[in-house]
Amino acid sequence: MLISLPKVRGIYRYDILMSKATWLNVGGRADILFKPRDIEDLTCLIKNTELPVSVIGATSNIIVRDSGIRGITVKLGKEFAYIKSKGNNSIVAGGAVLLSNLAHFAGNQQISGLEFLVGIPGTVGGGIEMNAGAYGSDIASVVQSIKAVNLEDGNLYEFSSEEMGYFYRGHSLKGNWIFVEAEFKGVNSEYELILQRLKEVIERKNKSQPIRGKTAGCIFKNPKNYRAWELIDKSGCLGLNIGGARISKKHCNFLLNYDNATASDLENLGNKVKDAVKDKFNVELEWEIRVLGSY
């Protein structure tokens with residue numbers, strides 16, 4: 001069946017194998033991948049299509065199911081990878097900017113407070129969506145304002161950090177959004193001190209996480225009053241595997257694709273861990289990794 005797509009200035013690509021595009025190297029085919037030229041191009045697409053629209057960023061925290069993704073998958077490209085200083089220790093960044101690049105840019109501007117981002121392998125847009133954080137800091141603590149396009153009506157909105165209603169690994173906005181730009185604010189500091197903190201974050205991550213494996217970051221959010229990895233460990237899940245998927249022995253809140261795992265292997269293993277923790281502690285773990293696609 002032929003589908004009429006809106007006329008855009010960006011790029012449509014078709015039948016994209018997502019296992020070649022995700023950090024976990026799993027997933028079926030996306031029907032249509034769209035990279036908009038700018039915000040206007042993005043809003044034009046959403047307002048003029050009846051197909052379902054999904055959003056991906058760096059694909060560092062997603063499992064795309066083996067069945068793939070139906071409809072249109074939007075990925076912000078280089079046109080949204082800009083960073084600029086506004087003065088007064090403020091930075092404006094597009095939604096496609098890597099969080100690690102934002103941290104280094106801030107350091108070069110002698111702006112402190114964003115160092116924790118250097119160890120998070122995602123984009124500004126994805127980080128805003130999940131209130132990404134590490135080592136006691138999170139996006140909510142440094143973001144000032146956000147521009148977002150609503151996936152239902154296609155309109156552009158701007159929100160303050162307070163209006164986002166941030167909480168641990170999430171926000172309170174209703175509906176589905178794609179975050180296209182954000183303004184961040186830090187504090188002035190000496191470059192050498194910032195550089196040292198950046199190195200400390202990287203070293204801490206390298207020591208505690210399986211950075212050389214095919215992973216998607218932490219599997220589960222930390223439940224209130226608990227650490228997910230401790231619950232997983234005490235539930236006997238360290239090194240557990242299904243097919244080519246394994247729970248990391250270095251950090252048991254990480255899934256590994258260690259031997260040509262399928263998306264089903266990874267998702268089933270995560271759910272097996274959830275069940276084990278529920279049985280042992282009566283605590284319900286919540287996925288931090290996003291799962292895209294239908295069964």
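Cβ from N, Cα, C; glycine included.
Per Swiss-Prot, domain 'FAD-binding PCMH-type' is recorded for 26-189, and the stated evidence type is sequence analysis.
Taken from Swiss-Prot, the feature active site covers Arg169 (among others), and the record attributes it to sequence analysis. Long-range C-beta contacts of Arg169 (active site), restricted to its own chain and to partners at least six residues apart, with a cutoff below 8 Å, comprise Met130, Asn131, Ala132, Gly133, Lys221, Glu288.
Feature annotation from Swiss-Prot assigns active site, proton donor to Cys218. Following the DSSP three-state reduction, the secondary structure of Cys218 (active site, proton donor) is strand.
Residues or ranges marked as active site in Swiss-Prot (evidence: sequence analysis): Glu288 (among others).
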Neighbourhood of Cys218 (active site, proton donor) by C-beta distance under 8 A, where only residues 6 or more apart in the same chain count:
Ala228, Asn253, Phe254, Glu288, Ile289
